[in-house]
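J.: Mind having a look at this structure? Questions to follow.
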Amino acid sequence: MASLPFTTLTNPSPHLSLSQLSKPIDSPKLTKTHFTNSQENAKNSQTLYSSYSHQISSLCKQGQIQEAVDLFTEMELKNVQVQPEIYGELLQGCVYGRDLSTGQQIHARIIKNGEFLAGNEYIETKLVIFYSKCDAYSVANRMFGVVSSKNVFSWAAIIGLNCRMGFCEEALLGFLEMLEYGFFPDNFVVPNALKACGALQWIGFGKGVHGYVLKMGYGECVFVSSSLVDMYGKCGAMEDARKVFDGMPEKNVVTWNSLIVGYVLNGLNEEAIKMFYDMRMEGVETTQVTISSFLSASANIGALDEGKQGHAVAIVEGLVLTAILGSSIINFYSKVGLIEDAELVFSRMLEKDVVTWNLIISGYVQIGKIDKALSMCCQMRLEKLRFDSVTLASIISASADTCYLELGKEGHCYCIRNNLDSDVVVASSIVDMYAKCNRIDCARRVFDSITKGDLVLWNTMLAAYADLGHSGEALKLFYQMQLDGVPPNVISWNSIILGFLKNSQVNEAKDMFSQMLSLGIRPNRVTWTTLVSGLAENGFGYEAISVFQLMQEAGIKPNAVSIVSVLSASIDMALLRYGKAIHGYLTRHVLCSSIPLATSLVDMYAKCGNIDQAKKVFDITEEKEVPMYNAMISGYALHGQAVEALALYGYLEEEGKMPDSITFTNVLYACGHSGLVAEGLQLFVDMVSKHDLKPSMIHYGCMVNLLSRCGNLDEAFRLITSMAFEPDAHIFGSLLAACREHNEIELTKYLSERLLELEPNNSGNYVALSNAYAAVGKWDEVEYVRHLMKSKGLMKIPGCSWIQIGEESHVFVAGDQSHPKIEDINLILALLGSDICIHDFSLQ
């Protein structure tokens, strides 16, 4: 900014008295000697003044404001006339040191010297600048309001102050008023206006300022152009930001940082990383902002190698591990799962602020190390740092993820004691915690206690109801938020759709989706994925596949969840051709290397009858995790290939991978279907003794089924009675079926009675008991059981057969003649029957 002009005051010399000034002009005559002495005195006085002025200016620039004030006091004591420029230098010195107290003392001296000094334009402007730079908002505005003549410098100071204090609308209003009063904002004012536009995301206003920049010829100023890049980035217009960047004849590190930060803010992390490498190639020296933004981009996409390179660059270039840079490095390592590296960086930081502590605590919470997170909270308090809303949100989030209600309650109490419960971020965490701990009543009370909730809080409560399938409550809340003046966004609509699907209200979910489209709200990836997975889970396989296709037509790239859901739909409907089509999509988009997707493909092929293709997918997948082994073992079990299932289990152990409970369920199931009793018993023993896994009801069921099928009914019964928990109907049912085959009538009777106690309204249990009695010729008991069924109003659920033609399923039940084409079907069956008879006769 150019130097302010100052006006020299022409006031009488303090050495002359009033009586001397009133004497006649011809009293004593001035001689040549008197004139020469006067010139000499004036010259000496000017020299002395210049010396003082130079020294004060130098001290102010060096930050030695108190020494400058002492020198100023010495001037006054020596009766050296003080011009406005001295006051200006002193005020500027206070600006350098942000010394509000000393500046106020200088202001007091200015007022004491009268209006001839206080009303000087130069002094008034300097005072506005001083109070603005010291962020004394009310005083600066009052000074600005009473200045006799506003100029570019005072306007620049007040606009900059409003921008810094977050009063961006006032800053832009000042920009417009400045133009209206005939003052043209310079290249110091324009960046502040652009910063305000970016903060408000007023891209229209920002483009207007851009037009002013081009008109005034400020486009080649690197500071103005960098501000344009920053503004467009914060407004989400990265194409415009890149155009400004590419058109700049000169770029500095701030320019590069602005573009990289813009890319990160808008989720274009790959572009941010590329810009970082381009910046390095151009030889531009990186700063802490550069490295921090680069690490954020790397963390967002899990780019481990790139993030480590960024950390290395920071070390090589000798960047100090400040709270800002250290926090960025900790954030990166935490997000990519390297919490040990994050701990190491944290331990080496000399300066740690609340943000740094919050990041390491959040990192522990994300990987489930709740005890470690709580320990860090205790250390944080020992460092005399208070928990803020972010700290509390992390603690409460930990209790939500682990359903640790007591910890959540303690966090809630701390919030109340420290007046943090009204913070909407904390309140949202508390609502989410109570909902995940299955205390939806408490969640609603917390929600209702917030007098003015924002959209995030409303969406949190909506999601809580949706996750529990309380679609009615979610819908009422959805309408209530609109009545309260909070317009729902796409996240709100997603929750309503999810709530309906969780409650199996498929038609209502589809209606809400249609309403969403009719109102011009564009579904996002979560919307489509929710609909696909919800339809698949509710048995609407074909519709799930159709929605998946519409999702791609809408230009939304499916994620792993949506692809797994549509593969699940293919499995449920036994639609191998659709499963193959999804496999083709994954191959074209190079997604087959994804472990979850490859696992789903193995499961799909196995359950759709193509075990060979399942094995091919399994074999070509390089990195295999336990879930993929489980899917392949399950496939072998379904196809009766117990030997292959056992071999794969053995290979899993050889690879040093730990089998889980699902692994043992699948391999025990395989043994049961093939009658491999010895192998199954050994696996059951290894599960407990070797792998320290506690058997569940499913594992006991597999073992009972295995022993029963091989006729070891006594062993199976002993196993049931030795269980640590009460057997369920499934276990009793499998043993009962084996008793019927081996004519164990006494055990049959006992098991049947237990089944009827557990499930008195399950017709299948009565049918099983009736069949058992019939097998040994006890027809009176058969008649009694059937009479008991009839008296309870129970009917045998008939078996059925079905065939898939196109997208339509045709179901056939014994004796059912309701099919619209039953006559044609009977005719074809008759023809087939006659052909079979003729064929049999010819063979004879």
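Positions of Cβ are set from backbone N, Cα and C atoms, glycine also.
Computed from a predicted structure; not experimentally measured.
Annotations per TrEMBL:
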| type | residues | note |
| --- | --- | --- |
| REPEAT | 48-82 | repeat 'PPR' |
| REPEAT | 151-185 | repeat 'PPR' |
| REPEAT | 252-286 | repeat 'PPR' |
| REPEAT | 353-387 | repeat 'PPR' |
| REPEAT | 454-488 | repeat 'PPR' |
| REPEAT | 489-523 | repeat 'PPR' |
| REPEAT | 524-558 | repeat 'PPR' |
| REPEAT | 625-659 | repeat 'PPR' |
| REPEAT | 660-695 | repeat 'PPR' |
J.: What else in the chain is close to the repeat 'PPR' (252-286), if you only count residues 6 or more beyond its ends and a Cβ gap under 8 Å?
T.: 222-223, 225-227, 229-230, 232-234, 236, 238, 241-242, 245, 293-294, 296-298, 300-301, 303, 306, 310, 313-314, 317, 319
J.: With DSSP as the reference, give the number of residues of the repeat 'PPR' (353-387) in helix, strand and coil.
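T.: Each residue of the repeat 'PPR' (353-387) counted once, the result is 26 helix, 0 strand, 9 coil.
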J.: Residues of the same chain, at least six outside the repeat 'PPR' (489-523), with any C-beta under 8 angstroms of its C-beta?
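T.: For the repeat 'PPR' (489-523), the nonlocal Cβ contacts are 455, 458-459, 462-463, 465-471, 474-475, 478, 481, 530-531, 533-535, 537-538, 540, 554, 556.
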J.: Counting by DSSP secondary structure, give me helix, strand and coil numbers for the repeat 'PPR' (252-286).
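T.: Looking at the repeat 'PPR' (252-286) with DSSP, the answer is 26 helix, 0 strand, 9 coil.
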J.: I'm checking region-level scores; what's the whole-number mean pLDDT for the repeat 'PPR' (625-659)?
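T.: That region's mean pLDDT is 92.
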